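See below for the structure under consideration.
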Amino acid sequence: MEPRALVTALSLGLSLCSLGLLVTAIFTDHWYETDPRRHKESCERSRAGADPPDQKNRLMPLSHLPLRDSPPLGRRLLPGGPGRSDPESWRSLLGLGGLDAECGRPLFATYSGLWRKCYFLGIDRDIDTLILKGIAQRCTAVKYHFSQPIRLRNIPFNLTKIIQQDEWHLLHLRRITAGFLGMAVAVLLCGCIVATVSFFWEESLTQHVAGLLFLMTGIFCTISLCTYAASVSYDLNRVPKLIYSLPHDVEHGYSWSIFCAWCSLGFIVAAGGLCIAYPFISRTKIAHLKSGRDSTV
């Protein structure tokens, strides 16, 4: 096999690996995870002996879980259909009253991606029970459209406006992330097709075009991943912090889906670099050979 064809085959292999990793990242939900077990243990130690025996070993006692004492009202206000409630929707329904203590927040282990946010099963028996009984949904869709939140009397109007503006900015960041990832997949697919065509027609030209498409895919992936990181940071630092931020002892971070996306970015940049750099390297070698022959003559 000629060196140019070998470089094209290597670039095509890297680009196909990149495409597989990128599609895996897009359609899996493990971009970001939270684990409040350490926070739960510290709350249990600080609250030792304060609760009845049947309420121990819980992050939040069941008697104080949101809407348990008044299910008819809760079912009218909560989204997601009749008879369903999101254990974290209490944030928007209770206002700021019961959030001054970190241990008063019902935090559960979650994982989220571009399209859904889900609760881990088998970690907290409270959320397991709620999901098995059909009271809570295990997964909720990530919003890509703006919906007007409920106006509550116990939240100041100015704070409501700030929350709405933050929701709007966060929505834009999510749209940018998903949009650029979609464009990256489309351009990468075109690059793979052009690289395949280069085996049969105008090898030098098509290889160069494929390299440009691969590098363009890398730019789109970089924009998307940086925007996703910005959206996560923005969401955790929203006002008021006692609602949206996480306690310091809650473990949270990026997971394997976003690692697949970063690996995809590395592969596609390598593929684009090979396709773009090889013609220049080969021309330099030819020029050196010609100059060597002329000098010997």
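The backbone N, Cα and C atoms fix where each Cβ goes, and this holds for glycine too.
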Hey, in Swiss-Prot do Asp126 and Pro279 share a topological domain, i.e. the same side of the membrane?
-> no
Same-chain Cβ contacts of the topological domain 'Extracellular' (230-257) under 8 Å, 6 or more residues past its ends?
-> 24-25, 28-39, 42, 91, 96, 99-100, 102, 105, 107, 111, 113, 159, 162-163, 166, 169-170, 173-174, 177
Row Asn158 (N-linked glycosylation site), column other C-beta within 10 angstroms, all chains, value 8
Same chain, outside the signal peptide (1-25) by at least 6, Cβ under 8 Å from its Cβ: which residues?
-> 31, 181, 184-185, 188-189, 191-192, 195-196, 198-199, 203-204, 207, 210-211, 214, 217, 221, 257-258, 260-261, 263-265, 267-268, 270-272, 274-275, 278, 282
